[in-house]
Amino acid sequence: MSEVTVKQLASTVGIPVERLLTQLKDAGISAGDADSKLTEQEKVQLLAYLRRSHGKDEGEADGGPGQVTIKRKSVSELRVPQAAAPRSNTPNSRPAPAARGGGKTVSVEVRRKRTYVKRADEPATGTTPAPRRQSNDRSRAGRERAAATSAVIDESRRRAALEAMRAEQEARRLAEQEEQERRAREEEARLEEERRQAAEARRRAEEEARQQAEREAAERQARGVTEEPSAEATAEAGEAETETPARRAEAAKPKKAAKKAAEPVEKEKEKEKDRPAKKVVRKETAPVRVRDIAVAGRGEYEDIDGPGGGRGPRRRKKSSKPQLQDKHAFQKPTAPVVREVEIPEAITVAELANRMSVKASVVVKELFKQGMMVTINQNLDRDTAILVVEEMGHKAVVADERDAEGTLLDEMQEQEGQFEALPRPPVVTIMGHVDHGKTSLLDYIRRTRVASGEAGGITQHIGAYHVETDKGTVSFLDTPGHAAFSAMRARGAKVTDIVILVVAADDGVMPQTVEAIHHARAAGVPLIVAINKMDKPEANPDKVMQELTQYEVLTEEWGGDTMMVKVSAKAGLGIDELLDAILLQAEVLELKAPVEGPARGAIVESSLDKGRGPVATVLVQSGTLKRGDIIVSGGEYGRVRAMFDESGSPVESAGPSIPVQVLGLSGTPNAGDDVITVSDERRAREVAEFRAARSRQNRFDEQRGVSLDQLFTQLKDGEQKAVNLILKADVQGSLEALRESLLKLTNDEVKVAIVASGVGGITESDANLAVTSNAILLGFNVRADAAARRVVEEKGLDLRYYSIIYELIDEVKQAISGLLSPIVTEEIIGLAEVRDVFRSSKFGAVAGCMVVEGVIKRNNPIRVLRNNVVVYEGALESLRRFKDDVAEVKHGMECGIGVKNYNDVQPGDQIEVFERTEKARVL
Ligand code: GDP
């Protein structure tokens, strides 16, 4: 390109056209306007002028050894204020002063230096073109050189400008980015502030609304207005009352007052809306108090959007979009999340961690810091759990004690209500004075009315059975007397509908007859009197009726409301009439229960069977208990593995008032404990564990009470003595009855304390406990095992066996009262182990035995023990050694034993032979 216009040159060089024109003019070149063309020559002329004007003459320029050095320095400053940054390309241009304090200036300086060396073969002529007046021919070569130089200058300038531009752009980009970040931060801080204000305003508004509601309520009350409060006011008051932190985080939309208070916030939001979209930062920063970050976060966001009615959703949509693009979408919660953690009585480490939304290891660590080594599955007590929760900055809330249990019971009741209640059989308990014939009466009914399932007519002792008659079904509870009845009543499991009071016609009203009347009255259960032993010649039923009137029990015959039936358990007299009376009474009571639906019931009895595990007799009270159901009973739970009726035959289901023996529970519940069907096993376990923990605590308190009492006693009153007892029994029912009766024996002089009690044989640990607590071991229908007996012997412990409740109680009572007269006691003289059982046509079952202790005597009374529990008491039919009848067999010898009237001897059973001897009683 040989010719350029002034304008082109100006833009290449990077100076304004006017300036170039002035320079051209000064250089003596006539260029009229921006469009006039410049020749090469003129360009060189201009260059020479410029050099001169910058203080370099031709000589100097030529003084160098034929080289040209070009230097260029360009400085640009970037001013990046709030609005679009004004940019300046002009070198050395002064930046505009910062409009606001927040502006930013970036200086960019570009330096270029280039040297062109003339080639050696070229004549060393001045690079500066001659002035115009020099002759044309003389400087032809020079002109060419000048043109080349000029092109080089152009080129280098262009490059320099380009580089500068790039650098500028880069700097600008960086600055912009920085600016954006800064703005985002500012925006965020501002929003946070706004939110805080909004929350504050809302809180104030809510507070106002609440106060308003309260005031109104108070006014209404004061006025005693009877009209209904307005719906709005009710809603407001209701909301204000039920306010919770979670609710507070929710939108305060429906509240008028809140809306008013939130108006300034609204305006703020309008402004915010006008801002560029990119300014919208994520709003879901954590509010100060949240229960759940996900839910509350959203709520907070919507809240900020305000009660915008129709506009709400649109705006939400708009502002939610940029979140995705925004690099700063995630906001670390500005305040720690405080959770409300529910703490039940006991909680595992894992569950506690779960409730705080932290890893279990964090909780373990926390506990470790406090000096506790725990595993994930370990249970923490409530106090420890609360400590951990608070240590970790959360809020501990004590869970409702009855939560699991209470909701279960509520549900149960609700479900029961859904099914139609139908008439159900009555449940009867027989009570009366000792030896008046309770057992005989029950036995007679069982023998004659219960369909026996097993060969030999041996019915299982399951503590209850039902009798089918033409007129209906009756269920009998065969529990040990009135003590068990009161124990069951005390637990609130009122299972008995009718009490049969047995009074011997030859004996009349006795102390326990009176007690039974009181028990029945206290429980609100109607009485039917069975005047027994009517077969006896000395029977005097009128005397009985007469005596009963003293206790306000008046027979119908004499115009009263109590049915009295004359019976004989021995002769089987009047049993039908008694059953009729029971059914009549049941009709009057209108006993009803739903047959459909989940079962609810009560434990009549429970024991631990070596082969079958815990065995419990359940009396179904409503619904139907089925095999496979999951049940909770007291502190135990489990799936019903199998069910048996009183005759030992397996059954699939049991309806209301029907007793069944249940296998599959985790342990032996107490007599009187309720039985509830639960839908799932986890819940069953939860409820059972909760109850077990509670009863453990109660027991602990009880024991502590005893020892404290003792200490107190010893300190205060040297006179009073304490009798410590360890009580073991065959079934839970007996145990409960004994416990209650024994504890009642405490009098002014002696305190009775039961250190331990349980179902099953007396074990070594029981014996050891007796040593440490200085207690007397009492076994009711149970025996001590070999290890326990060793301890008893070594330590000289007092071990007593009983098979009659009243005997045990009387003995303890007499001992306490100091009436230690010599009485007849039992002494076990021999023990044989059954190795095998043979059936013989002549003798029935004959047990092949080995005498393991003492001596077996033919004419002494015996007991059959199974797993150290008495299963039969009676006498021997035969005692043989090698086909010879013998009077006794000594220790270490084998023998054949036939038990009188008992054919159920099994291998592994033990047969103990005892002697009633007279012995001075010591206690
Ligand atoms: P419990 O202590 O109330 O259970 O009384 P039992 O059922 O053990 O009976 C005590 C005694 O009375 C036993 O010897 C029975 O044989 C006897 N007995 C029970 N009922 C009758 C009856 O109706 N007539 C006669 N003669 N004796 C009876």
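Backbone N, Cα and C atoms are what each Cβ position is placed from, and that goes for glycine too.
As written in TrEMBL, here are the features:
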- 49-285: region 'Disordered' (REGION)
- 134-146: compositional bias 'Basic and acidic residues' (COMPBIAS)
- 154-226: compositional bias 'Basic and acidic residues' (COMPBIAS)
- 227-237: compositional bias 'Low complexity' (COMPBIAS)
- 244-253: compositional bias 'Basic and acidic residues' (COMPBIAS)
- 260-285: compositional bias 'Basic and acidic residues' (COMPBIAS)
- 299-336: region 'Disordered' (REGION)
- 423-592: domain 'Tr-type G' (DOMAIN)
- 426-574: region 'G-domain' (REGION)
- 432-439, 478-482, 532-535: GTP binding site (BINDING)
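All features noted in TrEMBL, drawn onto the structure.
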{"residue": "G432", "record": "GTP binding site", "DSSP (3 states)": "strand"}
{"residue": "K438", "record": "GTP binding site", "DSSP (3 states)": "helix"}
{"residue": "M534", "record": "GTP binding site", "DSSP (3 states)": "coil"}
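Among the binding-site residues D435, K438, M534, the residues whose Cβ sits under 6 Å from any atom of ligand 1 are D435, K438.
When the compositional bias 'Basic and acidic residues' (154-226) is classified with DSSP, helix, strand and coil residues number 70 helix, 0 strand, 3 coil. Residues near G432 (GTP binding site) in space but far in sequence (CB under 8 A, at least 6 apart, same chain), listed by position: K438, L501, V502, V503, Q512, T513, A516, N532.
Sequence-distant neighbours of M534 (GTP binding site) (same chain, 6+ residues apart, CB-CB distance under 8 A): A505, P541, K566, V567, S568, A571, L573, G574. In the predicted model, the region 'G-domain' (426-574) has a mean pLDDT of 80. In this structure, D435 is the one among the binding-site residues D435, K438 with the smallest number of other Cβ atoms inside 10 Å of its Cβ.
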